[in-house]
Amino acid sequence: MTTNRKDEHILYALEQKSSYNSFDEVELIHSSLPLYNLDEIDLSTEFAGRKWDFPFYINAMTGGSNKGREINQKLAQVAETCGILFVTGSYSAALKNPTDDSFSVKSSHPNLLLGTNIGLDKPVELGLQTVEEMNPVLLQVHVNVMQELLMPEGERKFRSWQSHLADYSKQIPVPIVLKEVGFGMDAKTIERAYEFGVRTVDLSGRGGTSFAYIENRRSGQRDYLNQWGQSTMQALLNAQEWKDKVELLVSGGVRNPLDMIKCLVFGAKAVGLSRTVLELVETYTVEEVIGIVQGWKADLRLIMCSLNCATIADLQKVDYLLYGKLKEANDQMKKA
């Protein structure tokens, strides 16, 4: 069942097309008089207890099937060569099946910056086992209540999640990242997570892979919930009051370096890409994908140079305009 479900997730994630992307409603104000040389632009950032050379990473996607193994190996090769973080999909499948080697990428990619992922429905003992077996630099702990509710075989008991989060925050020996799965983390959840000791969250908003769409596609029901949740930029706007207390990572519908820059302008420490990279490794050779990802680094630098920003922190000083739904929602928040 798990193997089939994981492969269905890949299939439906690739076929899904979103009609709305919140990044298109943000316009950055260009600077006509440059201050820096291109070679002065610094892409480094810090989150989860360490410094990273680049402000983007390959986010959690898959594992638990032969197809997942193939994809994870490709993604690991891209990430290792490009010097970026790669986070595997949920390790739960391997916890259920010790012979599952679809997550075993470190042996063939020893210099890989590896993260892994587990659901908050799992008690901390399984989180500790995951860290012991995978030896990641960080552990994503995902919250996916709507996905679980839409899955016929999904979780129905959620009272333990908050106590689990407190346990993860206290007992996991590597930094943890509380991660949404495409529904947009709300500010109240960030506040509760902060109270439990969490200092890094991935907002993961609507606009990219929709697990509501995927589960409804699997079941043939409830397509009226396909657009559930807050868009990525809306979730980031909602989280502005927390950006000085909690490290905000952003994912969900990120397509290119300009989308990444827009996240960084609003205080993100780094940006995760899932479906965009999945489409690349399913379309091109690994060598070609590496070339594309290396090109993203160059593009980030040239966009930052045109905005008069030498560092990631400088981007928060960039002026911008909001349009459409984002502007309407932002105006409402200012009145509240």
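Heads up, the Cβ atoms here are built off N, Cα and C, so glycines get one too.
Annotated in Swiss-Prot:
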type    : residues                                                                                           : note
BINDING : Arg5, Lys6, Gln147                                                                                 : substrate binding site
BINDING : Ala60, Met61, Thr62, Ser90, Asn117, Lys179, Ser204, Thr209, Gly253, Val254, Arg255, Ser274, Arg275 : FMN binding site
BINDING : Glu148                                                                                             : Mg(2+) binding site
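The maximum pairwise C-alpha distance among Ala60, Met61, Thr62, Ser90, Asn117, Lys179, Ser204, Thr209, Gly253, Val254, Arg255, Ser274, Arg275, the residues recorded as binding FMN, is 23 Å. Each residue contributes its Cα atom, and for the residue listed as 'Mg(2+) binding site' and Asn117 (FMN binding site) these two points are 16 Å apart. The Cβ of Arg255 (FMN binding site) has 16 other Cβ atoms within 10 Å, all protein chains considered. Cα spacing between Gly253 (FMN binding site) and Gln147 (substrate binding site): 17 Å, rounded to the nearest whole number. Put plainly, the binding-site residues Thr62, Asn117, Gln147, Ser204 were compared by Cβ crowding within 10 Å, and the winner is Ser204. Long-range Cβ neighbours of Ala60 (FMN binding site) (same chain, at least 6 residues apart, Cβ-Cβ under 8 Å): Val87, Thr88, Gly89, Ser90, Gly115, Thr116, Asn117, Gln140, His142, Lys179, Ser274. DSSP assigns Gly253 (FMN binding site) to coil, not to a helix or a strand.
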